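J.: Found this in Swiss-Prot, in case it helps:
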BINDING   79, 100, 128, 129  S-adenosyl-L-methionine binding site
COMPBIAS  1-12  compositional bias 'Basic and acidic residues'
REGION    1-21  region 'Disordered'
């Protein structure tokens, strides 16, 4: 009887890479990963993508439709790549909020943008994507780049993003996805599980964080599943664009 009650009240589990962990532990484990890699995050992005991440982000910005005077929220904004570009687009009459749940990443982003002198219209907020601390109908555009796969309850996060958008506002999700052909998929698997942890070891002295990165990509919903999640959350006109043979996809949805 006691064993049955324990089972009934057992904490739900989720994935951390390929591991099955209690939900309460995932956020802590993800935080440890980003505390470890924050200082060399930009360098590793360039090394692992061959600089392609800059092109993926540029296309995302083009799709965003952000213009002067807009209010933009960049979730999991990390070291500030998107925030810096949005800052220039919205100008002095607009606002950019760079939000990240990880204080190490937020500090790196704040220091980097202040050093570049582009933080005048940027606010830095430590925030959980599942429980965004912003008013309803507040932002013209919300973006999250390479962050959604680390969120425990993705459906809750997407609904939270919908809530803070103004009617007609846009959500853009840039994330690793599923390659669209078998040859690319096999090559990408070999690259991910051999080179990525090795590069992590050599550059950051941390192979495990980059093994988690490779595993977390495989556990993330594919393009059509993520599209359906956005529709279920309440977004209209949801579309996605594959880049680099589907290794990365950017999804866009509009708040009705």
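Using the three backbone atoms N, Cα and C, a Cβ is placed for every residue, glycine included.
Give me the local environment of each listed feature.
T.: In the three-state DSSP assignment, the secondary structure recorded for residue 100 (S-adenosyl-L-methionine binding site) is strand. Sequence-distant contacts of residue 100 (S-adenosyl-L-methionine binding site), defined as residues of its own chain at least six apart whose C-beta falls under 8 angstroms from its C-beta, comprise 75, 76, 77, 78, 106, 109, 126, 127.
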J.: Using Cβ atoms only, which residues of the same chain lie under 8 Å from residue 129 (S-adenosyl-L-methionine binding site) while being at least 6 residues apart in sequence?
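T.: Sequence-distant Cβ neighbours: 75, 76, 99, 101, 144, 147, 148, 151, 157, 160, 161.
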J.: Under DSSP, is residue 128 (S-adenosyl-L-methionine binding site) helix, strand or coil?
T.: coil
J.: Neighbour count, 10 Å Cβ-Cβ cut-off, for residue 79 (S-adenosyl-L-methionine binding site): what number do you get?
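T.: Residue 79 (S-adenosyl-L-methionine binding site): 23 neighbouring Cβ atoms within 10 Å.
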